[in-house]
Every structure is written in structure tokens, then in C-alpha cells.
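Let me begin by presenting the structure, written as C-alpha cells, before commenting on it.
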Amino acid sequence: MSTESMIRDVELAEGPLPKKAGGPQGSKRCLCLSLFSFLLVAGATTLFCLLHFRVIGPQEEEQSPNNLHLVNPVAQMVTLRSASRALSDKPLAHVVANPQVEGQLQWLSQRANALLANGMKLTDNQLVVPADGLYLIYSQVLFSGQGCRSYVLLTHTVSRFAVSYPNKVNLLSAIKSPCHRETPEEAEPMAWYEPIYLGGVFQLEKGDRLSTEVNQPEYLDLAESGQVYFGIIAL
């Protein structure tokens, strides 16, 4: 074989190779699809994390450290004013004990922090109901003494004289004793105080009369105002 033939064969062998199907355009398309898939997965993962940790989405109502709902002071004030207006036209009474009379419960309505409103009356030391309905009845007395030379039993009772039947009925009653044991004669007597509070809701009729009683009025402590009182509020 001649030298020229050999050179020509080498040149033919070094010619351009045939391109594979797809070429650079196919590679770019695959790269774009890969990037799109990665971004889609990353976005979905981020959204899931935000929802899981409640960074986005509906927020819960704000609560106080004690897990109590915070109260809007404006709404609370409106509620209190509405309740006050609702009670302003209903019968009510709050009477206090006369500190000038010892040894008995004498109720007074013409004193500071005492009142009779919307038909309520104080007659013969009794509160007179002006209309049928549900009423909150309450009363408190305070007993005091020095030592316990003997066993002391104290009672406080609220009674009703109804127009529908003549007999007196006890609505509220309580018994207490300040002395769990007698004070020795050689020991110095210690002062004791025993309050009794009564309260309840009852259906009353127009003309019913309410009174209070204590079994040992000599132990009543009337030294300070606001300690002994009697009241009724229509509901």
C-alpha cells in the first residue's frame, strides 16, 4: 500500500463521529425536570413543617397563664351596667343592726349602707315582700365572748310568715359552738368570735314577712358596722 493511501485512510478515520440521540438539548431538559421536582418536594416539605409547628394557619385564642380566657374589660363593664339596670327596678332591702340596743336584734333601714327599695318595707322588725317571685335571702350575725366556763351553743335562724298559711316556717338555720372544751378556772379566759352567715333562694308571695332570731342575743357583737345585717333581693 502506498504512503498516500495510508494518509487518506487515517484522515477518514479521524472524521467527526455521529451525534447521539438527544444531544445537549436532551441533557438540559432532564436537568430542568430534576430542578423542578426538587423545588416541588422542598416546597411541600416546608409547608408541612410550618403547618405542623403552627407557624401559619388559624391561631388559638389568647389565654392567661392560668389557662383562663382573657376578659374584655369593656364588655365586662357593659354586662355589669346591664345587670345593674335590671336590678334597679326590682324589690330589695338591706338592713343593719342597731348598735344602741344590746341584747336583741333590732333592724334599721335609715343608716349608712342600708336601704329599702321598690316596695320593700320594714314593719315590726320584719321585712315585708311586695310581690310574688324568686328572692335571695341572706343574713349574718357575729357573736363574741370571753372564755368558755360552760358549753355555749349559738343558733341563727331566718323565718317566714306566709300569707298562704299561718304558721311560722324556718327557711334558714345554723348552729355553732365556739367552745370545744371548758376553760379551766385557773386559766385566763381567751376572747372568741363566731360569725354565722345564712343565704338561699326561695319562692315568696306578696305579703310574706321575714324575720331573724338568735338564741343567745347577749353574745351579739354590735361594736362595728357591717358585721350584723339582713337582706333580700328579688331575682
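Here the Cβ of each residue, glycine as well, is placed from N, Cα and C on the backbone.
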Residue among CYS49, CYS148 that, according to Swiss-Prot, closes a disulfide with CYS179: CYS148
Neighbour count (Cβ, 10 Å) for CYS148 (disulfide bond): 17
Other CB atoms within 10 A, centred on CYS179 (disulfide bond): 17
Tally of residues which DSSP labels helix, strand or coil - the domain 'THD' (91-235): 3 helix, 75 strand, 67 coil
